[in-house]
Amino acid sequence: MVSTNSSPPIPLPVQVPPGHVVQQIVDETGTLRHVILSAQPVPMPMCPYGPNAGQGPPQFYGPPPGPPPQGYVQPYQPPPQYPPVMSPPLAQPSPPPVYSQKSERHVRQYDKPRNKYYQRQQHTHHNKSGSSSLHSTPPLSPKKEPPARKNEGEEEVQTEDGEDPRNSLQHLLSQVKPPKVIDVTPNEAVIQWSSPDLSSQPDDIPVSELLYEVFLNNNLYMSIPATQLTINGLKPATEYRVHLQCLCGGVRGDSSGVAVFLTHSTVPDAPQLPRMIQKSKTSLQFRWGPVKENGSRVTAFILELCGNNGEWSEVFRGRGKQHTVTKLQPQTRYRVRLAAVNEHGKSEYSPEAIAYTSGVVPSQPAPPVLEQASVTSLSLGWTKRPMEETYTLQMEDSLNGYGFRPVYNGRDTRVTCPGLRRNADYKFRLCAHNDEGTSPFSDITCYPTLPDRPKPPSAPTVKGRPKSTKLTLVWSPPSDNGGSRITGYRLEIDRDSGFECIYTGEGTETDCTELSPGKSYRVRVLCESLGGISDWSEVASVSTEAVCPGICQPPRLLGKPKASLLQLKWGNPEFDGGAPVTEFRIDMTSPNNERRQVYCGRDLECTVASLLPGRPYIFMVCGVNRMGPGQWSEPLEVVSGAGPPDAPHAPHLACRSPYSVHLAWEEPINNGAGIDQYNVQIAEVSCPHAESSESSSTCGDLESDLTFTSAYTGSALTTEVRNLAPATTYAFRVCCSNSAGVGPWSSHATVTTPAAPPAPVAYISSSPAATAVTLLWGEPANHGDPITHYVIEVGDKTVTTPGPETEYALNDLQPETLYRLRIQAVNSVGPGSFSGIHKVTTRALPPAPPTIELVKASYNSLKLKWGDGRNLDMLTYSLQMEFTNPHNGTREFYQVYNGTNQNYKVVRLEENTEYHLRICASNEAGIGPYSAVAHLSTTKAPPPPLKGGGSAVAQSQ
């Protein structure tokens, strides 16, 4: 049987007649052949080759380790056959596969697509080749296997004959042949390959859906759908290896064979810049390094030189890397370039290098010329001459005393010296340099800097006392004149129509006339010098003297006058005296001919209060500015109207009981209208428990600290206020009203109500135990008398506390019993009311301690138990053992167990030692008492076994 598949040879399972064995061999052309060698009943199991099948001698592998089956005969092994070497392998041959026992399902699923594919290949080859003894081997009999179990939800895609189409497609994709190199240049290569034959695929996959991954030197270069690729960016004279893989959807075929190609050699790369290492007046010596030859050895270097004529000439051709060019002109500029030559031609030229031959020392240069001068810098220039390469400019400042100092070193012929003083002289000299030396300094030349603009003068100010129509202005010279003398000043004034000049001269003082009194003006000044005109000074505001304002118009009444107040309005005077009116003053003459000022302010209206109703009043107004008040206006006479009644006297107070107070007051002056009603207000004084219960008038001002509420409104002159608190101080006040309004409040009077029995207890809390209850309650109000004790009513029994404490413990009670109780406070006045009923239930008694029993004792542990083994009440047990306190050396009990179990093993004890233990039980009712102390002891530890005793006795015998 011969496999014609173009893919790498793969061993195929073959069924042979009984009495025959098969041997698999790869021949010279890389074809896998199956040869029947001898009449043996057992076939030889084969294993697949590695990825380099066909590259080197074939490798044969026998069955897995173990005894051979019955009738097995070692197959014949012919001499090894070596195919021709086409290209170096990508990797070493794969080692023999390690035999491992796999699951039956894995083997069955792995063999299905492979058997189907090989059967199809055998059938195709048989049809092409006709009948042959090699291909007449009957197929393998199908082996019936139990159906493989599938995981829940797992689906298996199969064809009608049970084959996985993905495995079949992978085998087809693996048939792609190695790529062919159809064109190679020094920097690129064109490869081409054929698409795999997919005609046997039942799904008719078009070739356009295939994708090829091209690998260059085992690195992915590109993925393309075409079958031809141009690989760019290659290095000349370099060996490359290329192979590819074919992909279709999510299926990837095996790698194809490797195609090896070598790029062509080419001209060398451009050399680096030649470096000058030595020079003289008539020669230049250059040196250069090696170049990249690109696969062909460099046969010569070409050095070319270009002088002042602009023509390139070859001065050297050879394999050396250094050359001296002679017969050159002194102090001359030359350009050189370098090229390399091999069998393919000449490379590109290197970058040009510039070199100069040596010359003579420069002669004395001309002095530098001033090109531009400013306040702080001087710009100098000079002419460049042949044989001069660099220059040194020196400057001397006569003030620093250091002499000539260099300010510039370089090739430029124009220099700016910054940071100089204004309006100052500086001396300069110049010298030139080249490789041969330095020239003498030029003649010394002197250039001055320019003066600067002066700073602005100070703002003008008024000298002396200002007049109403004349001002004397004075200013100071600028703080910095810019380096030159001030030649003049210019003063301008703004009369609300823009600035105008009123003075020009060298003086710093002048008079300003024809001004308006009491008016402000803006003035400014500047100065001039050889450096220019300064900026304007700050604008100053000056004012002439003002006079008192003129007479105002008489005030006017605004609205209807009321009994105690009225509103007046007036206007500004016709002349303000040259200064703004800052305030107005209103004088009032009362009916008793008393004159006083009632208003002073900037507003043009005011309200005059505190007037008596129905009285005549006279008012006058005048304006005031910074110079003083003006003349009074004509008087205005006004009569006030009716008003509310006056405030009554403080009411008379009398306590009728701890909870009520009787009030009485007198009728006040009604101010022209009858009193309609009275209003009484009450407030609780912040200082309670006054000793006296008699009424009294308060002299101090307590109204600001009191909160009054209405207690009575009516026309009577007496009333009684009820529902008051005992032993509390109250303040009362009263006012009345008529048709004109409500009068003021009277002064308040205070009274303290007598003491009363305490208030009921409002809050009770209890902490029950099994036979006792601890009560805690809040102290109620004592109503003016301290509480002496409390009365506790428990069912039909009454308990009296020994004092005013708010905590008491009731003892001798029954466990788990509901008690109803209430509390009553008592003082010297009498008992108060009982509180609400408080219910409390006593707790159950805590459980009794169990008895500790020793179950088993050893040399390092004690196993204990207690109880009857059933913990139906879910009691919690606490087992304690006595230890020595390491801090003070006393014996104390420490807990070793806490839980609901009724047994415990105490471990890590010392042998033959007595221990003291006790136990208690607890539940929701609390922790019960501890049991009697149990004295338990550990046993003695058994002796350790003898080491090697038996052997020693035997030897002694």
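Placed from the backbone N, Cα and C atoms, the Cβ positions cover glycine too.
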Given ranges 498-517, 578-597, 938-957, the stretch to which TrEMBL attaches the annotation region 'Disordered': 938-957
Stated TrEMBL location of region 'Disordered', expressed as one of 450-477, 674-701: 450-477
Across the domain 'Fibronectin type-III' (551-645), average pLDDT on the 0 to 100 scale: 89
Secondary structure composition of the domain 'Fibronectin type-III' (456-547) [DSSP: H/G/I, E/B, coil]: 0 helix, 42 strand, 50 coil
